[in-house]
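What follows is a set of notes on a single structure, which appears directly below.
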Amino acid sequence: MERTNRLSMMPILIWTICVWIFSPPGAEAQFDYRVKFYREECPQARELVKDVVLKATAADMGLSAALLRLNFHDCFIRGCDGSVLLDSNFTNIAEKDGFGNMFSLRGYRVIDDAKAAVEAVCPNIVSCADILTLAARDAIASIGGPAWRVTSGRRDGVVSYASETIDNLPAHYSDFADLTRLFAKKNFTAKEMVVLAGAHTIGRTKCGMIHGRLYNNSGPDGVDPTLNATYAVELKKQCPFRTNFFKHVPMDPTNHNNTFDTNYFKNLQHHKGLFKSDAALVSNVKGRALVALQTSTRRFFLDFGAAMEKMINTEILISPQGEIRTNCRHTN
């Protein structure tokens, strides 16, 4: 009550505090990073992006997972700067063609379309980094998932190196120690790591990514002993030994309607995590306890939204850093 009274008597303080709230963690307060950043110069920006995303996800339900993954893989390299969108060229191999990204990321066309829609109305105003961040949020909300707050004002990065994906992206074969170490580098707790892994409740992967778990281990018939035996049989039917490594399998065997839910965590409790890195989350007491907490839809949605807000506000570029690309695939 005391704080409320002070704010009501001091309008100038209200502005100062609002600026501080919407500034990125660890950065000085900035007047150009906030929810309503484009209100004056491009008030239609958010709706234009949302319209493109909703049309795209309605036509291809797999794009919700793809856009979320694209956002994550962008933010975990150099912060949310749109560097994952840059194409490789004769002198440089970009992030999108690096370890963990090549042949696995998609959704670029959606970002291109959203950028074109925005540029047609407000040229040189809205960054590709902001468009990608908004698109990921809208894509998840469109399938019944949580909707987190997206502040705006990010600038686009001007470099993108494939070599940087190796040490910054979690691998499908990582163990619990490797995962917690990597997320800690980005200032994420073990709990936040587990929460963000919940994104695996949607999407798909390729048979080649799980071939080793099914055929190259010490368990019966080469199956990873940490994998549910019944689930392994089902996966072997979808991905035979002599299979097309690019054939797709769903991340969540129980999700037939592309809904964003807690089934991923419930599956983990029955050792039905698709990747070795999924299984790693229940490989120790701490991990199992964190997974159990996320079986509540309300808790998962709240925690996931909070973790996403933290991620999209980490290591961002703010004016005068970076640029506003006119084409998301190339620097200006």
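Using N, Cα and C of the backbone, Cβ positions are placed for all residues, glycine too.
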From Glu47, Glu95, the one annotated by TrEMBL with Asp74, Gly79, Asp81, Ser83 for Ca(2+) 1: Glu95
Look at the disulfide annotations in TrEMBL and name the partner of Cys239 from this list: Cys207, Cys328. Cys207
Tell me which of Cys122, Cys128, Cys328 TrEMBL records as disulfide-bonded to Cys42. Cys122
Within 10 Å of Asp74 (Ca(2+) 1 binding site) by C-alpha distance: pick out those among the disulfide-bonded residues Cys128, Cys239, Cys328, and say none if nothing qualifies. none
Fewest neighbouring Cβ atoms within 10 Å: which of the disulfide-bonded residues Cys75, Cys128, Cys207, Cys239? Cys207
Quick one: Cα separation, Gly79 (Ca(2+) 1 binding site) versus Cys207 (disulfide bond), in Å? 30
Within 8 Å of the Cβ centre of Asp74, Gly79, Asp81, Ser83, Glu95, which other residues of the chain have their Cβ, at the recorded Ca(2+) 1 site? Cys75, Ile77, Arg78, Cys80, Gly82, Val84, Ala129, Gly157, Ser160
Please work out the number of neighbouring Cβ atoms within 10 Å of the Cβ of Glu95 (Ca(2+) 1 binding site), leaving out its own Cβ. 29
Based on Cα distances to Ser83 (Ca(2+) 1 binding site), point out the closest of the recorded positions Arg69, Cys122, Cys128, Cys207, Cys239. Cys128
Here the 10 Å Cβ neighbour count for Cys328 (disulfide bond) comes out at 23
